[in-house]
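As given in TrEMBL:
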type: DOMAIN; residues: 193-268; note: domain 'GMPS ATP-PPase'
type: BINDING; residues: SER220, GLY221, GLY222, VAL223, ASP224, SER225, SER226; note: ATP binding site
Amino acid sequence: MNNGIIILDFGSQYNQLIGRRIREMEVYSEIIPFNTPLAEILAKKPAGIILSGGPSSVNAEDAHLVEKELFEAGVPVLGICYGMQLTAHLLGGKVTKGEKGEYGKAELAIVKSNALFNGVAEKSIVWMSHFDEVAEAPEGFEISAKSGVIAAMANEDKKIYTVQFHPEVTHTEEGGKMLENFVLNICKAEKNWKLTGYIERTVAEIREKVGTEKVILGLSGGVDSSVAAVLIHKAIGDQLTCIFVDTGLLRKNEGKKVMENYRVSILI
Ligand SMILES: Nc1ncnc2c1ncn2[C@@H]1O[C@H](COP(=O)(O)OP(=O)(O)OP(=O)(O)O)[C@@H](O)[C@H]1O
């Protein structure tokens, strides 16, 4: 990884969108599971870490947590939605179950601006999607924005910024500016990643890795294994064998369709 942004995945439906927004800034980003050991995360030498949203509650018995030392690693952190609640929970704040949760547009009012809100209008519309809420900010944190709830809090000394809303969705009017502030100004991530050439680079890497060996790929017909199949096939041709398993639980004619599609379109 080259000075990019790590996104820790807590299961939000918007996570891929966060990755995309960062790539649109020509900055490298990687989405990895929330329980990746901290040492492994830091070994990637990220310029910043984003704690994503997620469907669970920090107060649940089996809550998805991270090692608390993540906040002391000297790497800027942006907590989004569940990521903000997690920050509050782990650092001594209080997270409660909101009365009815919030889903949809809300008006954000900045009460104490910081580097995340640089150039952002004092009032703007943001997209909320949560049940729990931060009731008390941890020591060292200042509440930086409010909607009906505490909408943002930060510890600027430690470069920890958190927002309850989703800056990655277009309904958050100033979301792009906020993400840019975090990635480019706070993390100072390098703009050194471009989609162009990705296929060529990946194909070359696969070719080198596989050499003269053979590869077996489980091909479901879904996006992930299909993309993998096409790239590997480009790299090593007949050394690849794809296996599609008719589990007996597929939709009507799905198995037949998948087989036809692949034979005709990518000649695997
Ligand atoms: N019917 C199947 N036949 C062969 N391989 C399968 C089948 N179903 C799943 N797999 C393999 O298991 C992987 C994970 O399956 P999962 O259902 O979690 O899908 P996914 O992560 O959405 O990936 P995809 O987009 O390829 O379906 C798939 O990418 C594929 O490699």
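Each residue, glycine too, has its Cβ placed from N, Cα and C.
According to DSSP, SER220 (ATP binding site) is assigned to coil rather than to any helix or strand. Under the three-state DSSP scheme, SER226 (ATP binding site) falls in the helix class. Counting other Cβ atoms within 10 Å of each Cβ, the lowest count among the binding-site residues GLY221, GLY222 belongs to GLY222.
Counting Cβ atoms from all protein chains shown, VAL223 (ATP binding site) has 8 others lying within 10 Å of its own Cβ. All chains included, 16 other C-beta atoms sit within 10 angstroms of the C-beta of SER220 (ATP binding site).
Listed in sequence order, the binding-site residues among SER220, GLY221, VAL223 whose CB lies under 6 angstroms from an atom of ligand 1 come out as SER220, VAL223.
Its Cβ taken as reference, SER226 (ATP binding site) is surrounded by 20 other Cβ atoms within 10 Å in the chains shown. With the fewest other Cβ atoms inside 10 Å of its Cβ, the least crowded of the binding-site residues ASP224, SER225 in this structure is ASP224. Sitting within 8 Å of the Cβ centre of SER220, GLY221, GLY222, VAL223, ASP224, SER225, SER226, and not among those site residues for ATP, are the Cβ atoms of LEU219, VAL227, ALA228, ALA229. Under DSSP, the residues of the domain 'GMPS ATP-PPase' (193-268) split into helix, strand and coil as follows: 43 helix, 8 strand, 25 coil.
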